[in-house]
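K.L.:
First the structure, which I've put down as structure tokens, then a few questions once you've had a look.
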Amino acid sequence: MVHFLFIRHGETQDNLKKLWAGSKDSPLSNHGVRQAEALAAEMSKLNLSAIHSSDLRRAKTTAQIICKAQSNTDLVVQESPLFREQNFGGAEGRPIVTKNKNWTMPQHYAKGKFPAIYSRKHHFPGGESLDAVAERAKQALDEILMPYVHETVPAGSPHNAVAVVSHGVFIAELLGIMLNNHSLAVKDFRGMKNTGWTEVEVLPALQTAETEDATVPRPLNVKLLAINRHSHLSNLHRQKGIGSMAYDPTQKDIRSFFVDKSAAGDSRERRSASTSS
């Protein structure tokens, strides 16, 4: 039995600006890093068996923060382009706009406007359709994730917990395939919060006479345990001034200055209140 934890990456500046951000490699914001750190603290109790990630920076930075908080020092983040977000082609980095009902989609594109596409088969120029994302998700499922389900686990051993850090659209498509229901994916799995996570339990069905042939994949029992968990964010507040800035690990001293200054201000306020009372 395997528990898969599908995690959306932390906040990026493109998320804040409401831009089409798919294959565009944007970094986390400082607030996004703090979101990842809060999730890492929560997941430090789970003893993850493996951590997989998209190779895009916002996902792998989130995954690396989670990995660093694990007690297993041999655990490493395994990156793959199969876990990337949908490629939005010519819309990458452009604002998400409302469709003008008097224009055709080619007319929108000619004017540099990119409203949402609601068809699974269509895509932005040079981009990827939802059906294409689903095909890639199926490949990731078969080649990377299913081996965990089919590997032999000694009786009495705890279940494997495998984290996958990816992106909103991709996770929705992957879950739709696992649950064999794309309409459910669109309805319930889109709109995950940054560092929100969805948990799925997967185990092979009991072997029968029909499934004794080792060359035939055994059917799976798939159970959805949780959708878009984000309790780790409940007490997290954006830092003034630097929270929305792009995360830069070389600027750690500057971030510490802001945090220390804020803490000092709080301390002065408490001393002042104590004196007044």
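Cβ from N, Cα, C; glycine included.
Those TrEMBL annotations? Automatic predictions, nothing curated.
What TrEMBL shows for this protein is this:
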BINDING   R8, H9, G10, E11, T12, Q13, D14, N15, R58  substrate binding site
ACT_SITE  H9  active site, tele-phosphohistidine intermediate
ACT_SITE  E85  active site, proton donor/acceptor
K.L.:
Have a look at the recorded positions H9, G10, T12, D14 and say which one has the shortest Cα distance to the residue listed as 'active site, proton donor/acceptor'.
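P.N.:
So, of the listed recorded positions, the one sitting closest to the residue listed as 'active site, proton donor/acceptor' is H9.
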K.L.:
Roughly how wide, in whole Å, is the group R8, H9, G10, E11, T12, Q13, D14, N15, R58 that binds substrate, by largest Cα to Cα distance?
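P.N.:
Between the most distant Cα atoms of the substrate site, 15 Å.
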K.L.:
If the substrate site is taken as the center of the Cβ atoms of R8, H9, G10, E11, T12, Q13, D14, N15, R58, which further residues of that chain fall within 8 Å of it by their Cβ?
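P.N.:
Same chain, not in R8, H9, G10, E11, T12, Q13, D14, N15, R58, Cβ within 8 Å: A21, S26, L28, S29, G32, N194.
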K.L.:
Please work out the number of neighbouring Cβ atoms within 10 Å of the Cβ of E85 (active site, proton donor/acceptor), leaving out its own Cβ.
P.N.:
23
K.L.:
How many whole Å apart are the CA atoms of the residue listed as 'active site, tele-phosphohistidine intermediate' and R58 (substrate binding site)?
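P.N.:
The separation of the Cα atoms works out to 6 Å.
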